[in-house]
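Data first, discussion second: the structure below is written as structure tokens.
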Amino acid sequence: MMLTKSVVISRPAVRPVSTRRAVVVRASGQPAVDLNKKVQDAVKEAEDACAKGTSADCAVAWDTVEELSAAVSHKKDAVKADVTLTDPLEAFCKDAPDADECRVYED
């Protein structure tokens, strides 16, 4: 006779309760680098390059201006699309993070 071992589960496995607190990270919305200043500097450099240098140097300098201008435009679009910067509740929670409306719950 062959003996078989049967497994009896008396209670389902229970996940331990996590003691971690929920952390909410919000972007400040402030650029780390002032892109407008960089664009202005690049325009001055491009004008100087066109006045003094070859057409290739001039083209490269204006390409740099174009890239920086595009970065400024993309940054503005991202700020407009960022809910944390335009939502009044987010502004309220920044000033009063302990308010009931600002609590964050984990599942």
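Just so you know, glycine gets a Cβ as well, placed from its N, Cα and C.
Owing to the predicted nature of the structure, the values given are computational and were not obtained by experimental measurement.
Pulled from Swiss-Prot:
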type: TRANSIT; residues: 1-27; note: transit peptide
type: DISULFID; residues: C50-C58; note: disulfide bond
type: DISULFID; residues: C93-C102; note: disulfide bond
Rounded to an integer, what is the Cα-Cα distance in Å between C102 (disulfide bond) and C58 (disulfide bond)?
-> 53
Any same-chain residues 6+ apart from C50 (disulfide bond) with CB under 8 Å of its CB? Would you list them in sequence order, or say none?
-> D57, C58, A61, W62
Sort C102 (disulfide bond) into helix, strand or coil using the DSSP assignment.
-> helix
For C102 (disulfide bond), the number of other Cβ atoms found within 10 Å of its own Cβ | 15
